[in-house]
Amino acid sequence: MSELSYRRILLKLSGEALMGDGDYGIDPKVINRLAHEVIEAQQAGAQVALVIGGGNIFRGAGLAASGMDRVTGDHMGMLATVINALAMQDALEKLGAKVRVMSAIKINDVCEDFIRRRAIRHLEKGRIAIFAAGTGNPFFTTDSGAALRAIEIGADLLLKATKVDGVYDKDPKKHTDAVRYDSLTYDRVILQGLEVMDTAAFALARDSDLPLRIFGMSEPGVLLRILHGEQIGTLVQGRS
């Protein structure tokens, strides 16, 4: 195959991606399949970092709407991302990978604190880095956390795996005539309100000239194909 188009990537997975067909928690078969995909990408020569959401366990914003204090709910959501990060670490290590979980909040008995230089060093040494607890601040989603960490580690590409195979002009599950975009600018995504990531994450990536590819990860080998330059999903970059 061709040479890699990207040498350092950050892959954002939703917590829901770990559920499989279930309504809650982690499906071992699903997390093992995702772990295989990540290791395949690393073995091809890429430095790989991960951010995983926590929606399969807890959503702070949802309970805040029901009356829970938003800050408390967001802190609980951060802990959910740590649970998912540890689960992914276990799955990757069982396949022989060297992995470090780094948290934005202090939880030193189970993972490291996020320190930028240390995170980059882990990647340079061939370890997979999993960044947990978002930005460490309430009111910010794990999408924003993923964009921030990707910028901090100098990633060549931010990847967001979704349930659909890119960005559409309308919901493809509800509209059979929905059209998928091959590429978009950040300004157009924000202006049109295309809700595939939150606006803060889009703006952060735009202002740092970080390209973003949104794609579906249901097909085996898709991550490796993207690393080799295949135009899969929707590429978001630049300004209008």
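Every residue gets a Cβ built from N, Cα and C, even glycine.
Because the structure is a prediction, the values reported are computed rather than measured.
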Considering the UMP binding residues Asp74, Thr135, Gly136, Asn137, Pro138, Phe139, Phe140, Thr141, Thr142 given in Swiss-Prot, which of Gly54, Gly62, Gly96, Gly154 is annotated for that site as well?
Gly54
I'd like the Cβ neighbour count for Lys12 (ATP binding site), meaning other Cβ atoms within 10 Å of its Cβ, all protein chains included.
27
For Asn137 (UMP binding site): intrachain residues, at least 6 apart, with Cβ closer than 8 Å:
Ala104
Measuring CB to CB from Thr162 (ATP binding site), give everything in the same chain under 8 Å that is also at least six residues away in sequence.
Ser14, Val196, Ile214, Phe215, Gly216, Met217
Do me a favour and check the Cα-Cα span between Gly55 (ATP binding site) and Thr135 (UMP binding site); whole Å is fine.
16
Please give me the CB contact count at 10 A for Asp171 (ATP binding site), counting all chains in the structure.
10
